[in-house]
Amino acid sequence: MIKKASLLTACSVTAFSAWAQDTSPDTLVVTANRFEQPRSTVLAPTTVVTRQDIDRWQSTSVNDVLRRLPGVDITQNGGSGQLSSIFIRGTNASHVLVLIDGVRLNLAGVSGSADLSQFPIALVQRVEYIRGPRSAVYGSDAIGGVVNIITTRDEPGTEISAGWGSNSYQNYDVSTQQQLGDKTRVTLLGDYAHTHGYDVVAYGNTGTQAQTDNDGFLSKTLYGALEHNFTDAWSGFVRGYGYDNRTNYDAYYSPGSPLLDTRKLYSQSWDAGLRYNGELIKSQLITSYSHSKDYNYDPHFGRYDSSATLDEMKQYTVQWANNVIVGHGSIGAGVDWQKQTTTPGTGYVENGYDQRNTGIYLTGLQQVGDFTFEGAARNDDNSQFGRHGTWQTSAGWEFIEGYRFIASYGTSYKAPNLGQLYGFYGNPNLDPEKSKQWEGAFEGLTAGVNWRISGYRNDVSDLIDYDDHTLKYYNEGKARIKGVEATANFDTGPLTHTVSYDYVDARNAITDTPLLRRAKQQVKYQLDWQLYDFDWGITYQYLGTRYDKDYSSYPYQTVKMGGVSLWDLAVAYPVTSHLTVRGKIANLFDKDYETVYGYQTAGREYTLSGSYTF
């Protein structure tokens, strides 16, 4: 039965927003419009992943979590810690906005895209993932979707865990959350992860010297947070985390030159906030600072040698957001300010550079009878390209009880990164990349099956491409993306099923050729059940045909990469109420495949872990 009520009573529509690991319709999400609202009131397709899901899947990386979600296509240059890209609904990797606790991820290397192979899985307590345009709420990058990684724990207690696996993988983690009196709580975490890895064998991409070494990964992480409730309505927090990573990879070798095949990444982030949570009005002020230093060097000479490269960026942000309950919905408004500072040499930028952006936005949500309306508008003032406006609107109609039709349209954009603007081949006159998106969807609850099917189109213009003749970047590319997405979840006795299907036709609108590294079709299936206190899980993923470039010879040739079916098997057993042991086999049938041409994947891998809570 569908309940209709205002946001004052936290309305929920049980049949809607089907595909989510946390399937409760009353689940609150914060990413859609920056304040908590029931997931069922978000018209855009939204997925929520909890820490319990991550533990059940026994994921050892953020990429392993995201690859299971609808519309997501992950490519990686090998195994743990190797360079990776996220494609959502066929858009570029730079068209995905990644937030950490609602704050934009600091992008070392000013590449303009997030490499989540470096972000520690130990910090991830929850993931909220929204598909479709969201620039009208968040500004640049939110063309394909938004991934918000939340580090705040929900429950107090202490957990000690350890794990071991293939390729000499080992992981040790301890975390605790404790109450200090009635109004204060503190959270601490420390994590160590290491793997010897394997030889990713970047065939043809390493120049004249073969590199038959293991490409390992090491990560050390610290996290701390202090939260305090001043009154029932006022609260504040201070939070900080940092990680120190080292990655070995196969680099391009030129005779007589150092071999830069080691990456060292230092990253730290700090934020503090003050929140007011009244019955009708909510407000929050958050400030943050992050600093990343990304070295690539030859270990024979060290990271401070003149042959090494350093990408260094500092990011400062201030967010002021407000939300007011109005009728059967709400109105929100806020201001974002951001400053990014680079050092000379970062991203091949000869001089250090500051870029500032101020955004003002307005959001609205209202329920009128059988209809739900959502809209947002934003204007950004950027120190490089000036002003840019975006907007989006959606409407949902419950035409039969338990069934809803949704139509939406939105504009979004991607600002040029600093390397494209001021690098050796840069062009300071670049404009933002622009997107116009349409989507129509049906969703409902039929015979216990919670389902959604949608079709979408995304036209992207002013794409920034490199011109081989002028050796400069220009706004000259166009893309046309059409897709269909279907999701469902249901129970059959003790079995829980979650399934999704994606069809994406992503093409260069000028040449009508497929965009590289995007699978045309994907099928994802998760089966979970409990038998004699054992928790079992089977994951299936089909990756369809994709295209890539062979960079081993010039001119570069386009190559076709066939599809593959992958299976994972995971099991967990609670030895006591405090101690749980887990085991997993990834790539159960040891399939040989690549997501980036020339870079091998790991093959079959085993992990064994245990956790003790008190």
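Here the Cβ of each residue, glycine as well, is placed from N, Cα and C on the backbone.
Per Swiss-Prot, the feature signal peptide maps to 1-20.
Positions annotated as motif 'TonB box' by Swiss-Prot: 26-33. As a summary of secondary structure, the motif 'TonB box' (26-33) carries 0 helix, 2 strand, 6 coil according to DSSP.
According to Swiss-Prot, the feature domain 'TBDR plug' maps to 38-152, an assignment based on sequence analysis.
According to Swiss-Prot, the cyanocob(III)alamin binding site annotation covers Leu83, Ser85, Asn92, Val110, Ser111, Ala251, Thr309, Arg517, Tyr551. Listed in sequence order, Gln76, Asn77, Asp115, Ser117, Tyr249 are the same-chain residues at least 6 apart in sequence whose CB falls under 8 Å from the CB of Leu83 (cyanocob(III)alamin binding site).
Feature annotation from Swiss-Prot assigns domain 'TBDR beta-barrel' to 155-614.
Summarising the annotation, Swiss-Prot assigns transmembrane segment to 158-165 (among others). Within its own chain, the transmembrane segment (158-165) has Cβ neighbours under 8 Å at 60, 171-178, 195, 582, 605-614, counting only residues six or more beyond its boundaries.
If you look up Swiss-Prot, you'll see 184-195 (among others) marked as transmembrane segment, on the strength of sequence analysis. If you look at the transmembrane segment (184-195), the same-chain residues 6 or more away from its ends with a CB under 8 A from one of its CBs are 60, 79-80, 120, 122-123, 152-153, 156, 165, 167-178, 216-229, 241.
Mapped onto three states, the DSSP output places Gln211 (Ca(2+) 1 binding site) in coil. Taken from Swiss-Prot, the feature Ca(2+) 1 binding site applies to Asp199, Gln211, Asp213, Asp215, Asp250, supported by sequence analysis.
Asp261 (Ca(2+) 2 binding site) falls within neither a helix nor a strand when secondary structure is assigned with DSSP, and so counts as coil. Here Swiss-Prot flags Asp213, Asp215, Tyr249, Asp250, Asp261 as Ca(2+) 2 binding site.
Swiss-Prot lists 217-227 (among others) with the feature transmembrane segment, giving sequence analysis as the kind of evidence.
Within its own chain, the transmembrane segment (263-277) is flanked in space by residues 81, 100-101, 103, 106, 108, 118, 233-249, 283-297, 303, which lie at least six positions past its ends and keep a Cβ under 8 Å from the stretch. The transmembrane segment annotation in Swiss-Prot covers 263-277 (among others).
The transmembrane segment annotation in Swiss-Prot covers 403-417 (among others) and is backed by sequence analysis. Within the chain, the transmembrane segment (403-417) has long-range Cβ neighbours (under 8 A, six or more residues past its boundaries) at 13, 15-16, 43-44, 92, 94-95, 107, 110-112, 132-136, 140-143, 347, 357, 382, 384-385, 388, 390-397, 430-445, 454, 464, 473.
Sequence annotations record features per position, and here Swiss-Prot assigns transmembrane segment to 434-443 (among others).
According to Swiss-Prot, the transmembrane segment annotation covers 473-490 (among others), on the basis of sequence analysis. Sequence-distant contacts of the transmembrane segment (473-490), counting only residues of its own chain at least 6 positions beyond either end whose CB sits under 8 Å from a CB of the stretch, comprise 18-20, 23, 45, 70-71, 89-92, 131, 416, 420, 425-427, 430-431, 433, 448-467, 496-510, 515.
For the transmembrane segment (494-509), same-chain residues at least 6 beyond its ends with a Cβ under 8 Å from one of its own Cβ atoms are 19, 21, 69-71, 73, 89-91, 459, 477-488, 515, 518-531. Annotation comment: Swiss-Prot describes 494-509 (among others) as transmembrane segment.
Swiss-Prot lists 517-529 (among others) with the feature transmembrane segment.
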Next item on the list: Tell me, if you would, which residue among Tyr249, Tyr551 (binding-site residues) has the fewest other CB atoms within 10 Å in the structure shown?
Entry: Tyr551
Next item on the list: Pull the DSSP breakdown for the motif 'TonB C-terminal box' (597-614) and write it out as helix, strand, coil residue counts.
Entry: 0 helix, 10 strand, 8 coil
Check: When the Cα-Cα distance from Thr309 (cyanocob(III)alamin binding site) is computed for each of the binding-site residues Gln211, Asp215, Asp250, Asp261, which gives the smallest value?
Finding: Asp261
Item checked: Leading contact stretch, 217-227, 434-443, 517-529, 585-596, 602-614 vs the transmembrane segment (558-572) - CB distance under 8 Å -> 585-596
Checklist line | Confidence summary for the motif 'TonB box' (26-33), mean pLDDT rounded | finding: 90
Check: Out of these binding-site residues, Asn92, Gln211, Thr309, which one has the fewest other C-beta atoms within 10 Å of its own C-beta?
Finding: Thr309
